[in-house]
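Peer 1: Pulled these features from Swiss-Prot for this protein:
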type	residues	note
DOMAIN	480-579	domain 'Fibronectin type-III'
CARBOHYD	Asn98	N-linked glycosylation site
CARBOHYD	Asn275	N-linked glycosylation site
CARBOHYD	Asn542	N-linked glycosylation site
TOPO_DOM	1-4	topological domain 'Cytoplasmic'
TOPO_DOM	26-579	topological domain 'Lumenal'
TRANSMEM	5-25	transmembrane segment
Amino acid sequence: MGVGTLLNGLLVSVVAALLWKYSKLSEHAALLEEELHMTRRSQELSQAHIDYHVALQALQEHGTRMVCTGKMHTDRICRFDYLCYCSEAEEFVFFHSNSSVMLPNLGSRRFQPALLDLSSVEDHNTQYFNFLELPAATLRFLPKPVFVPDVALILNRFNPDNLMHVFHDDLLPAFYTMKQFLDLDEDARLVFMEGWDEGPHFHLYRLLSDKQPLLKEQLRNFGKLMCFTKSYIGLSKMTTWYQYGFVQPQGPKANILVSGNEIRHFAKVLMEKMNVTRAEGGQEDEYIVVFSRSSTRLILNQAELVMALAQEFQMRVVTVSLEEQSFASIVQVIGAASMLVSMHGAQLITALFLPPGAVVVELFPFAVNPDQYTPYRTLAALPGMDLHYISWRNTEEENTITHPDRPWEQGGIAHLEKEEQERIVASKDVPRHLCCRNPEWLFRIYQDTFVDIPSFLEALQAGLKAKPVWKKSKLSGGLHPGRVRDARCQTSVQTSSEAKLTVSWQMPWNLKYLKVREVKYEVWIQEQGENTYMPYILPQQNYTFSDNIKPFTTYLVWVRCIFNKNLLGPFADVLMCRT
């Protein structure tokens, strides 16, 4: 072989090696450029820094991880690491690797009916959440993900056009869900997945976080595959007090877990975020607020109503309107009012900003029974809200104006059969019904009303007679007693048919630090083997029982403390007493 041939072969090898290295460098450069691009896309979402390569490697190697609280889909909230969302499929994706965690691991039970509720409205079939599953290895076939570095709270707004729903279903639950998980702080990102646009009250959602909330429609702008590095999905339902009648007619929830203390704390925080201060005035500064509506459910003689209130109570009367004023300015006015008067409607949720001791007056159109529609009555009655509620109902049919030719959603009935229209018009009382399209309910609730001033003032004065005298109470007024201490029993047999049982105990430890108006003790005595027990309420810390106490018998005895007749403490450990 000649030297030239040898050199040519060597040159070809060197060139090939250089080309291969160049192609690898180009490939690596392209990969780095793509990662840089995806990092920029991620940082379009947030100012938080993210190492794209590290995040992608974590997703590929460890997959998605999920740990949830709650036993049922109706009370479950889940935390995810690296849960992704495919905007093309409009589905969340759980990527499985050998390091993935899924607790609870429900298998197909995850679809019976869902993993969790995306909103605080319980078990509504439009609010269910679930995800698709893929092996992490399929990431190589999918578009490069955009990572969201913020901690996200992902939820559905239930009805963002309605102020009552905004507060009751969304803001309060989201606020206290964020309190439940420490990393859902003011830097967290809210992500709304129900598909609505911003709506008229979007500024209120912005108060929950320093980050702009994201809408479902906006997610596709950031890429075909978005991955949330850390997210929480679902809302706490503990702050809700009302159910809307999807399964049974609407009314207060059966098991209300929130008090006025939590509602008032939430209201205080929102007022601070809106730069609203609560004015502290004396009696000379008292005034009444009347809510004015401009399109439906009108008070047709509003000026007369305002004048009557001013004359009756010798107070200034202020009118407010959601259509004409900013929400913050309305809250500023309501926050120091003595009384809030309004036709039934979502605007009455602003009663949660009223000061303690204020009065809520709710007006109802003809044929609408106040006892059947009670979200604001229930709010006012929550322990610690300290609001007094009064309702007035129009009972005079001639004082109402109906709108049968409006669209059905505003109470129109022209689309119904003539016989059904006649039945609805003739009805004097809307029967109990389910949500949400009952035509008789809509026809009546969207009426306009001339308020009969004499009957209105009569209802107001009767209601005010029942108003308790509100005093600024100290926190200890609502605190419960602890367990009684050192409970013990002694027995003695008097005769073959008579015995005595003496029970004694020490007061709860926390009682010595509290100012309590009344302290009593409850004792339960049960003969072993029997199903019934004898209850006793006692003012002292020891007592000798002889009635119905038999010799040579074992009794089970429980003791607890009661503050102010209704603040019950826990029972101490059961005593076993043998006579």
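Heads up, the Cβ atoms here are built off N, Cα and C, so glycines get one too.
Tell me about the surroundings of these features in the structure.
Peer 2: Taken together, the residues of the domain 'Fibronectin type-III' (480-579) have an average pLDDT of 95.
Counting only residues at least six positions away in the same chain, the Cβ atoms of Gly63 sit under 8 Å from the Cβ of Asn98 (N-linked glycosylation site).
Note on Asn275 (N-linked glycosylation site): other Cβ atoms within 10 Å of its Cβ, all shown chains, come to 8.
In this structure, Asn542 (N-linked glycosylation site) is part of a beta strand by DSSP.
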Peer 1: Return the count of C-beta atoms lying within 10 angstroms of the C-beta of Asn542 (N-linked glycosylation site), excluding that atom itself.
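Peer 2: Total other Cβ atoms inside 10 Å, all chains included: 13.
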Peer 1: In whole Å, note down how far the CA of Asn542 (N-linked glycosylation site) lies from the CA of Asn275 (N-linked glycosylation site).
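Peer 2: Computed Cα spacing between Asn275 (N-linked glycosylation site) and Asn542 (N-linked glycosylation site) is 55 Å.
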Peer 1: Summarise the domain 'Fibronectin type-III' (480-579) by DSSP state, stating how many residues are helix, strand and coil.
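Peer 2: Counting residues per DSSP class in the domain 'Fibronectin type-III' (480-579), I get 5 helix, 51 strand, 44 coil.
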